[in-house]
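Visitor: Taken from Swiss-Prot, the feature substrate binding site applies to 51, 52, 53, 54, 55, 113, 117, 254, supported by sequence analysis. What Swiss-Prot lists as heme binding site is 240.
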């Protein structure tokens, strides 16, 4: 099909009288959203707009990720496995989007960044409340992080709430216990503010599931969803570190951290350690007995 005059005419049914009615821009509050990019460099450095939008869009995706992970926890609490799997699948795609987004910031050269870096002062992505919130939801609890938000009592209170509640993984362990798996009783109630660390007592639970996936398919599928989620998150962390290395090398971060070295340490953190350890300890299932 060709358009002779290279113009697409409005169809008769398209709404054009929008006075006083809900519009696309009104629904999305684009007047507020698109006026939030305010470069501080003077005169405005061309590439500061990229830097601002990169981080603002990341925060929007993080908001959605937190929304989905809270839903996943709720579904687990109600034993709604398929609904939980759906939002975990969406969460993985959000993380993929966040990871690929670094390729845009990678177009920022070191000299371009140095042209406006000074105006950032001590501000840093390290201070992202939503990032810490998601880490806590996934089990990387660290009460020290609350200190970073002393300037924001409301945000600090929000972070404290998730610090003191069971993480996604802890809710998964409680789900397994409800369905007859030998999860130690300590996971029913303990100090939720502590990060989860690898527990040898959980290994038999996951070996049982992985050795008989037909029998425990729901549990196995959820395990693999969590493995996908952690892998996606770690890829995002890795891409972040490499982007920072590419743009600033080994300079200190604006927030006072060692920069790349500090980001690299995050790659050593894990959310669901037993789900990776079981791959080492797993043995072939014994052959079925012949009748």
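Keep in mind that glycine also has a Cβ here, set from the backbone N, Cα and C atoms.
These numbers come from a predicted model, not from an experiment.
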Visitor: If I restrict to non-local contacts, at least six residues apart, and a C-beta distance under 8 angstroms, what lies near residue 55 (substrate binding site) in its own chain?
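Guide: Result: 125.
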Visitor: How far is it from residue 51 (substrate binding site) to residue 240 (heme binding site), counting Cα to Cα, in Å?
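Guide: Cα to Cα, residue 51 (substrate binding site) and residue 240 (heme binding site) are separated by 14 Å.
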Visitor: So for residue 54 (substrate binding site), how many other CB atoms are inside 10 Å of its CB?
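Guide: Around residue 54 (substrate binding site), other Cβ atoms within 10 Å: 16.
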Visitor: Between any two of 51, 52, 53, 54, 55, 113, 117, 254, the residues recorded as binding substrate, what is the biggest Cα to Cα distance in Å?
Guide: 18
Visitor: Between residue 113 (substrate binding site) and residue 240 (heme binding site), how far is it from one CA atom to the other, in Å?
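Guide: Approximately 16 Å lies between the Cα of residue 113 (substrate binding site) and that of residue 240 (heme binding site).
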Visitor: Please report the number of other Cβ atoms within 10 Å of the Cβ of residue 51 (substrate binding site).
Guide: 21
Visitor: Around the C-beta of residue 117 (substrate binding site), how many further C-beta atoms are within 10 angstroms, looking at every protein chain?
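Guide: I get 18 for this one.
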